[in-house]
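These come from TrEMBL:
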type	residues	note
TRANSMEM	C:14-37	transmembrane segment
TRANSMEM	C:65-83	transmembrane segment
TRANSMEM	C:95-113	transmembrane segment
TRANSMEM	C:119-140	transmembrane segment
TRANSMEM	C:149-169	transmembrane segment
TRANSMEM	C:202-220	transmembrane segment
TRANSMEM	C:249-270	transmembrane segment
TRANSMEM	C:276-294	transmembrane segment
TRANSMEM	C:301-319	transmembrane segment
TRANSMEM	C:325-348	transmembrane segment
Amino acid sequence: MDLSSIKPALLLASLMIAATPVIYAAIGELVVERAGVLNLGVEGMMITGAICGFIAAVNTDSPMLGFMAAAVGGALLSLLFALLTQYALANQVASGLALTLFGLGVSSLLGQGYVGIKPPSTPKLDIPVLSDLPGIGTVLSAHDIMIYLGLLLVAAVWAVLKYTRIGLILRAVGENHDAAHALGYKVVRVRVLAIMFGGACAGLGGAYISLVRVPQWTEGMTAGVGWIALALVVFASWRAGRVLLGAWLFGGVTVLQLNLQAAGVAIPVEYLSMSPYLITIVVLVIMSSDKNKAPASLGKIFHASS
Amino acid sequence: MAISNLTKTYPGVVANDSVSMELRAGEVHALLGENGAGKSTLVKMIYGLVKPDSGSMKFQGQSFTPANPHTARQAGVAMVFQHFSLFDAMSVAENIALGMENPPPMRDLSDQIKAVSETYGLPLQPDHIVGDLSAGERQRVEIIRCLLQDPKLLIMDEPTSVLTPQEVGVLFETLRKLTAQGVGILYISHKLDEIRELCQHATVLRRGQNVGSCVPSETSAREMAEMMVGSSFQTPERSRHALGDVVLKIDKLSAPSPNEFGTPLREISLELHAGEILGIGGVAGNGQDELLAALSGEMRTVADAVVFEGEVIGRLAPAARRKMGLLTAPEERLGHAAAPDMSLTENALLTGAERENLTSRGFLKWGAAQKFAQSVIESFDVRTPGTETAARALSGGNLQKFVIGREVLQRPKVLVVNQPTWGVDAAAAAAIRQALLDLATEGVAILCISQDLDELIEISDHFAALNEGRLSDIRETESLNMEQIGLMMGGAHGMEVAHVEA
Amino acid sequence: MLRLEKRAQPSKQWAALAPVLAVLITMVVGGGLFALLGKNPFEVIRTIFWDPLFGEFAFYYRPQLLIKAGPLILIAIGLSLGFRAGIWNIGAEGQYIIGALCGAGVALTFYPLDAWFLFPMMILAGALGGWAWAMIPALLKVRFGTNEILVSLMLVYVAEKLLAAMALGPMRNPEGHGFPGSRNLQQYESAHNAELFTGSGLHWGGITALLAVICAYILLNRHILGFNIRLLGQAPRAARFAGVNPNRLTVFCLGISGALAGLAGMYEISGPSGQVSIDFNVGYGFTAIIVAFLGRLHPVGILLAGLLMALTYIGGEIAQSNMNLPAAAIQMFQGMMLFFLLAVDLMANYRLRLTRAEVS
C-alpha cells in the first residue's frame, strides 16, 4: 500500500471530472422538480444521452456535435415521459421507472456496434490566469469546456430561478398548480418544457461519462449516477448552489476510493466501490429531516377540471 | 358589462343555461345562488378561464371574448378567488407579481404594494411568506393584487367566508371606496344579510338559470332565499332538554401542528356535557383541523389533555377512541373523511369496522359492511345508485350526508364534526343540522366546529371561538350578539378602516 | 379537439382491457422496430410469443416458462403490495441477491452435511436475508423520512458489489482451480432445489409463487390489513383518519416484498443457477416491476403477466439465437410494454371526448 502516490491537487482535479456528470443530471432534475414533476427516469435519459453522444461523436469525429446529439437524445426520451405524465396523466413514479428501463434497453440496442471503440477526445481549455494560480491552478484549469459549461449552467439556473419572471412562473407552477392555472399560466406547457430541459441536461451528463470520463461505451455504464443525481436534488433542498456542493462531495468519494484502489489498500476493490452508494444513503438520511423545502405540488397529477 | 345568453354545459350538467345580466360601473352587483347553481362557472367565463359554448359578453360597450385570464386582466377584469390562488412558500411580493401582466422590478413593486396598502387601509409586508399569514391577510394579498391592476371590474367570489364580522365591515368600506371611483364589483355570495347591506342589485341563479333579479335593500332575506332555493324549506327544530354529565374534557391542550403552514393549538380547555351542542366558531385556519385531529387520534397529544368519561385518551389511536364512543367527521370529505375512489361499502368500513363489528379476526365481513352502508344511505336519504358507487361520484351534499350518517348510526357518545355543512346545498344542510339536534336530544354530546356563524347560532347551546389556536371563553349562545361573537373571533385582526379620499 | 374528462368512477372494463391492449400495441410498434432492424416482424413476433409454447422445440422451452415465471411472480407479488400502499420498493434486485447469498451461505457453511433440514434452513435464510435488506430503507423511512425509492435502489448497487466480493472471496469454490464462483449447489443434493416433476420446470419456487398469489389475493380482498394497504395508497389522509399506522404498513410491505424477493433469489441460486457468480442476477428484480404493473397490481393479473413476461424472455432468447436479434431489443420491448400500459391506463379513469377547441 502506497498512500503517498495520492496527490491532493491531482485528486481535486479528477474530482471535478467525476462530479460533472452528476452536476448536469442533478441541475436538470432540479428544474424539473421545481416545476412540480418528479422524473425518476434520469438514469435512463443519461444512458441514452451517453450512447447518442458517443455515436454522434464517433461518426462526426466531433465531441461537440456528440454533446449536442446527447442533449437532443435525452430531451427526446424525456418527451415520452412528458407525454405519459402530462397528457396521459400517468403516475409519475411508474412512468419514471418505465423510462429508465426503456432507456437502458434503447441504449444497449443502439450501442451494439460501438463497444471497444475510442471516441475523439474533447479538447482542454487552458485558462491563462487560472493555471498560473499557485496550488489550485491544477485544480481549476486545463479542463475540457464541458466542466466550465456545467458550472455556468448551475449559475444560470440559480439566477433564472431567483431573478427572472420565467423562474417565478416555474416555481409558481411547482408550488400550486391549481392557483397557477387559475391565474392563467399554462401549467402543462411549463412542465413539458422543464421536463425536456431536464432530459437534455441528463443527456449531457451521460455523454460526459462516455466521451470524457471513461471514455468508451459499455452497456449500463452510468451505473446509478442518475439515481445519485436524484438523491442530490434532495440533498440540495431544491437549491441550485447546493447541487454543486453535493456533486463535489460525491465526486470526492468516487475519486478517493478509486485512488485507494490504485494505491493497493488492503480492502477488496468491491467493498471500496460500494462507498459512493453508501455515502449517498448516509447523506439522504441526514438531509431527509428537512424536506419541507420540496415544491408543494411535487409528483401530483394536474388536470384542469374546469 | 353586459352578458347575454351565456351557456356552458359539462357532461351531465348544464352549468349555465342562457344567462343574461348587466352590471353598471360603480355598482356592487350581487350574484346569488346555492352551491352548484352556476355562479363560479359564470365568473370563470368572464375571467377567461372557461370558454362559453354560446352567448356573448360586452365590456365597456365592446364585444368581450377573453381567451385566457391574461387578456381578461389586460381588459381590466380582476378576480379574488374563493379558494385563494396563492402560493404558500412564496413572498407577498412574488405572489402579487404572478397576478400582474407586466410587473415592475421587485423593488418598485414592493414600494407600490406599500403605497396601495396604505391608501386602502390594508396593511401588508411585501417580504412576508404568504403561508404564514392569516386568512384575512391572505385575502388582502389577493385584493391588492387586483388593485394594482387598476381594474374596471372586480369579481369577488365568497370573500367574507374567511373573515370575522369586523373584518367584513372593513372590507365593505374598501369596496365602497372602490365603487365611488367607478369600479364595478360583481359580488358572489350566499349570505343574504351581507348582500342587503352592500349591493345595489342582485341577480339570482338557480340550476344554471337566471331566475330573477331584485334590489336587495327592498327585498327581504326570506324572499331572496326562496328565489335561490326555489321553495321554502324548514328550519331545524330544537327541543329543550337538560344537559347531562361531562363526557369529554379537554384540559390545557397544546400541540404543534403537523403541517408546515398549520396553526398550533395553545392551551385549549373545555368541558362537553351529554346532550350538549358546543359550537366552535372562527375563521378557517385558526386551528380547527388540528383540534379535530387531536380528538380523532390522528394527532397524539399529552395523555391527560384529553379525557373521555374519566379516562385519559390523549395518546390513544383512532380505532381505540372509536371503540370507546368518540366519533369524528372531518371537514374535507374527499380524501380525508372518505376515500374518493373506493365504494360506499368500503367507505362505510373505513370508520365502521370496530363499532359495527364488520371484521372478525381481521377478516372482512363484506355482507355486513354493505348492509351498514345501505342503512346509512336509507336513513340519511343519500342519493346514489347503490352501495358500490365510488365516493367521488356523489355530490357534495350527498357525500356529506353519508359521512355524517356513518358516524351518527354508530351510536356515538361524543360526536365531533368539522364544517358539517360546508359547500352543501340548503336542503342537505338542513337535514344534517336536524340530525345533529336529534342526536343531542338523545343525550349525545356534540362538538360542532364551523365557520358558519348562522349555523352555530341556530343549533348550539354554547359558543366559543378559535383564534390562532386559542379558544375563547365559552358562553351561552343565546346571550351573544354578532358583535360580541366577532370580538371573540379576534376582531378585525389589526385592520384599519380604509381612509382613501373618494 | 380531443378533451379528457374524468369518469365519475374508474371503469372496470378498461382496467382489465388495458394490459391486453398494451401488449397488442407493443407487438405492433415492436414489430415495426424489428422491421427497422431488418428482421421480418411477423416472424420475430411469432418466435417470441408462439414458438416457446407450440413450436418445434416447445418440449424444451415449456419448462423454462415456469423456471422464469416463478421468481418474476414471487417478486412482483411482494412489490405489488407496497405499490398499492404507495410504498415504492425499487430495490427488489438487491434483496434478490442478498436472499440468494444468505441461502447459499447456509448451504456452503454446512457443506457437505447431508440432512433433511438443510433446505428449509436455506429457505429461512433466504427470506430473512431479503427481509433484512429491505428493512434498511423501511427503517430509514420510518425513522428519518428518507426516500425509500432512492435508498432501496442504492442498495441494489451495494448488493451487486457484495455479490462480486463473495464470488471472488469467501464463497469461492476451494476446489474451483481459482476460477471465480462458488461450488455448484446442483451437485449438493441436500441443498439442491431440484425440479419436482421431471420435465415440468416446476421447483419449490414455483410452488411458493403460487402460494404467494393465493395469500395475496385473500389478504387484499378479505382482510383488514389488505384493505388498509389499499386505503393508504388511495387516500393517505383518510387512512390515518381510519386509524391506519403508515409506519407499520411501510415496514410490513417492504418486509414482505424483501422476503419474497429473497426467497426468489435463494430458489434460483439453489436451483436453475446453481452457484454464486458475478453474473448471477439477470434483472428479475427490475422486470418484476413491469410484471406488477402489467398485472394491475392484482394477484391473478400478476400471475398471468409473469407468465407472459417469462414468455418474452424465452422467446427473446430463441430470437436471439435463431434470428440474430440483439438481446437488448427484448429489454426494450419489455420497457415499451410498461410505457404503453401506463398510457392506455388513462382510459380507466378518463374518457376521451371530441369537442370544439376550448381554453383550459
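Cβ from N, Cα, C; glycine included.
Heads up, TrEMBL stuff is auto-annotated, nobody curated it.
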Top partner of the transmembrane segment (C:249-270) among C:119-140, C:149-169, C:301-319, C:325-348 - counted as Cβ pairs under 8 Å: C:119-140
Same-chain residues near the transmembrane segment (C:119-140), Cβ under 8 Å, at least 6 residues beyond its ends: 89, 91, 94-96, 98-107, 146, 148, 151-152, 155, 159, 190-191, 193, 204, 250-251, 254-255, 257-263, 265-267, 270
Same-chain residue ranges lying at least 6 outside the transmembrane segment (C:325-348) that approach it to Cβ under 8 Å: 4, 7, 10-11, 14-15, 17-19, 21-23, 25-26, 29-30, 33-34, 37, 39, 44, 48, 283, 287, 289-290, 293-294, 309, 312-313, 315-316, 319
Cβ-Cβ under 8 Å with the transmembrane segment (C:14-37): same-chain residues at least 6 beyond its ends: 44-45, 49, 294-296, 301, 305, 308, 325-326, 329, 332-333, 336-337, 340-341, 343-345, 347-348
Cβ contacts under 8 Å made by the transmembrane segment (C:65-83) with residues that lie 6+ beyond its boundaries: 52-53, 89, 92, 96, 200-203, 205-206, 208-209, 212-213, 216, 219-220, 229, 233, 253-254, 256-261, 263-265, 267-268, 271-272, 284-285, 287-289, 291-293, 295, 297-299, 302-303, 305-307, 309-311, 313-314
Residues of the parent chain within Cβ reach of the transmembrane segment (C:95-113), under 8 Å, 6 or more residues beyond its termini: 71, 75, 89, 121-123, 125-134, 156, 159-160, 162-163, 166, 171, 182-183, 185, 188, 190-191, 257-259, 261-266, 268-270, 273, 275-276, 280-281, 284-285
Same-chain residues at least 6 beyond the ends of the transmembrane segment (C:202-220) whose Cβ lies under 8 Å from its Cβ atoms: 63, 66-67, 69-71, 73-74, 77-78, 80-81, 84, 123, 193-196, 226, 229-230, 260, 263-264, 267-268, 271-272, 298-300, 302-303, 306
